[in-house]
Structures are given as structure tokens and as C-alpha cells.
Amino acid sequence: MTELFIDGAWVAGSGPVFASRNPGTDAVAWQGDSASAADVDRAVASARRAFAGWSALDFEARCEIVKRFAALLTERKEAIATAIGRETGKPLWEARTEVASMAAKVGISIQAYQERTGEKRQDMADGVAVLRHRPHGVVAVFGPYNFPGHLPNGHIVPALIAGNTVVFKPSELAPGVARATVEVWQAAGLPPGVLNLVQGEKDTGIALANHRQIDGLFFTGSSDTGTLLHKQFGGRPEIVLALEMGGNNPLVIGEVEDVDAAVHHTIQSAFLSAGQRCTCARRIFVPQGAFGDRFLARFADVTSKITADVFDADPQPFMGAVISARAAAKLVDAQSRLVEQGAKPIIAMTQRDPRLGFVNAAIADVTGVANLPDEEHFGPLAQVVRYTTLDDAIERANDTAFGLSAGLLADDPKVWEHFRRTIRAGIVNWNRPTNGASSAAPFGGTGRSGNHRPSAYYAADYCAYPMASVESTQLTLPASLSPGLHF
């Protein structure tokens, strides 16, 4: 089984066999040998050898290869979307949007490099000041399972454009998507060694993260893993560490005129991708009183009608399975712990089959829970908090170590002005779902949500370092010498 891509060739791994499974059917989706520490070492060495030639290649030549990658993604959209759906459980309609986002990322990344990290010149009295940007070298990219194509792509594309070479370690839950994506890069004409793929589980990831020949590590995933990486690289300023992690995101509901619109945006915020987006709303702040009661009743009514089904079902469902049966069981357990602490289920979550990843969208009123845990439950479990004043809602919304996304649904622009000035998050939306984001804008947060803005416009910033030069085409003795110098 040749499932590793090293030095431009598909090769067999020498580590243990592992498999990914379709969470909606439990069928094996992919199987192969993992990369051992020796395989990882070969991949890093390959990337190191390729770095000099790739970084010396003309910027436009690098961009042409990346543009071919985007064109081929569009050609292979259905096949890649099917791979995404099979391994993640997300419906095909949503998987197709992920592939489209992967292709769109290329143009945005090229524009970002030119505007944020390109070359700038300024004349001086005795020469010219030049600002250039240089690639770091060999970077490790760790991808998540929820967007196994789009999110690693948000690191890989800007890294390659800047002239870095890459060793890619995808999630062990979505290796087939990684294989399909790297095949597109290969078809686009990427030179050997520029992008290497190491498949595997925890041991493969540890071997790559601990490798002394990487110059940077770009990670999208859980806050727990990201925090461990942050600790690991403490005291190593030579490593560029870019982290995009999770959030315990708040959505504050105001007394709006259009209740159905508010319910729609709340459902999109909480349950899109079966709640498996880092920007999904985890805490829904609803006003006390008659309006809040009416909103909650409608929210529960529409939520109760949401069905989850296999990724290729016809008609297509709003939600698919979560990533695994284990993840589904953890969500049900999280709900049970909240109930033990005083939460009141409005719609209780159940796991349809212990072998599968299907859970229903759930709502729990946690207003009465003292010391509500500051945790990200990565799935369709919405926690409702009733509030009395907007300032009360904002204070409680900010009571988190995370700071990824936040949203406000309100008709009054003055309420929005107050909210955006006082809420703490990297993505703050008004009358839009919390998981709505522009690829042309920074994507990321504060606190435990990360330290950079990966997977969007600002990714160019951590893919290259600035090099400042003062230059003159002629070497001449200055007309005026410093005191104490005699020629």
C-alpha cells in the first residue's frame, strides 16, 4: 500500500496499518501503512533538499503551478467531494462547497502574498531601501478532520507560494482526502520533494513535531493539542508556530422583528457541519421574558425537524454524522454531565446507533448551571443561557479563555456598535451566523483560540519573514567621514 508521498513518489509506510471509517455506515473508507519515524525523517530530508530549488524558482512560476492545482481541483470536484463525504460524514452539498473553497483559496493567497509580503522599495539619499520576504524553509502542516481539504490547504497554498517546502500530516480520520488532494498537486506539476505526505496516527505526528529539521509548524485543530505544541516549542524562537484552534463561541439574540430569520441564523451557527466547525456557536444567549420564550419555542420546533443522514443520501440532509461513533458518544456524555450540573434539556441528544456517528441536534438550557465549564463540545449541542440585559449577556459571553467567533442578532445599529466594541473575539458578526467568514479577511481568534490567522488572507504573514536591505549599485567612499576616521 503506497500511501505516503515522499520525494515525488508514492511509497509504502513502514509503520502500523491503520484505517479510516465512514461514520455514517462504519465501512472502511481508507486503509494503509502509517509513516514511521524513519519515514518522517525521509520526508523532511526530501523537503530540505527541494527547498533551495523551489525557493529560487521565480514567483510567477510557483504561482503557475498553484493555479494549475486550483484548475484541477475544479475538474475533480465531484471525486474529491465524495472522498470528503465518505470520511467525514458531511453531506455532499457541503463537501462540494469545501472543494470550491479550496480552489478559491489560491487567488486569495497570491493576492495576499503580493499585498502583504511582497517586495517594496523606497529611495534614500545614498541608495535604496528594499523590503523583501523570504520563506522559512521546511514547514510541517497538521490538518484537522472537519475540513480535511480546505483547512490544510489554507496553510499549504500560502506556504508554497512563499517558497517553503512542506511535510503534511493529515488527520488520521481523513487520510483518503489527503491522498486525493496530494494527487492533484502531483498532477499540477509540483517538483519532487516540495510537498510530502506522511500518513499516520499519534506517533507519526509526534515524530514530525519533534523533528529538529523543521523550521515551522502550522496547526489547525483542537485547543488541547495546540496548547501542547505551544508548550513543546517554548524556548525555541527559531520555530515559526502558527496555531488555529477552537472556541466556546457566543451568539447573543436580541429582540428582533423577524424571529424566523433569527432562528435560521442560530441553527446555521450551532448546527452547520453537525456543529463541527470551530466557529460554531456553542452558547446561545436568549433574553428573559416573552420574546425569549417565543424565540426558544420556535428554535426548538425547527431544530426538532432536522434529520441527519448518510453523506450521499437523496434528498440531501442538513446534517450528516459527526466524525465517529466515539465522538458521538462523547457528545452524549457531555450532555449528561451538563444535566448532572443542573442543565435542563430542551431537546435531548441521543446516539442513533453505538456503531455510528449519528446524533440529533440538541438544545440544553444551562442558565441554572453554576460555574458552567468553559469547554468546546465539538458537535450539535447548543447551550442556552437566558439573560436580563445586553451588558449581562456580553459579560457572560466574554467569560471564556477562548476568543474565536461571536455574533449578535439585533435590529438596532446602536446595539451592534456597543456589542462590537465590548465583545472579545477575532471574528465578530452582526445578523450573520457565527461561522460566516470571508476568505479575504483574517480568520482566527484570541486567547486559547490561536496565535495567528491561518487559512485566510493573513496566512501570508507567517509563511515568510521580512528581510530589510539598504542597497547601492556603486561602492563609494562617503564624502563626509565619521569623526576619528582618516583616509
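Cβ coordinates come from backbone N, Cα and C, glycine included.
For reference, Swiss-Prot has these:
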type	residues	note
ACT_SITE	GLU244	active site
ACT_SITE	CYS278	active site
BINDING	GLY221, SER222, SER223, ASP224, THR225, GLY226	NAD(+) binding site
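Shown in sequence order, PHE219, THR227, LEU228, MET245, GLY246 are the same-chain residues outside GLY221, SER222, SER223, ASP224, THR225, GLY226 whose Cβ sits within 8 Å of the Cβ centre of the NAD(+) site. Counting only the Cα atoms, the space from GLY226 (NAD(+) binding site) to CYS278 (active site) is about 13 angstrom. DSSP assigns GLU244 (active site) to a strand segment in the three-state reduction. A straight line from the CA of SER223 (NAD(+) binding site) to the CA of GLU244 (active site) spans 8 Å.
Taking the Cβ of GLY221 (NAD(+) binding site) as reference, residues of its chain lying under 8 Å away and at least six apart in sequence are, in sequence order, PHE142, GLY143, PRO144, SER171, MET245.
Cβ packing within 10 Å was compared across the binding-site residues SER222, SER223, THR225, and the lowest neighbour count falls to SER222. Non-local contacts of CYS278 (active site) by the CB criterion (under 8 A, 6+ apart in sequence, same chain) comprise ASN146, GLU244, MET245, GLY246, GLY247, GLU376, LEU404, SER405, SER449. In this view, the densest Cβ surroundings among the recorded positions ASP224, GLU244 belong to GLU244, judged by other Cβ atoms lying within 10 Å. Under the three-state DSSP scheme, GLY226 (NAD(+) binding site) falls in the helix class. Look at CYS278 (active site): DSSP puts it in coil.
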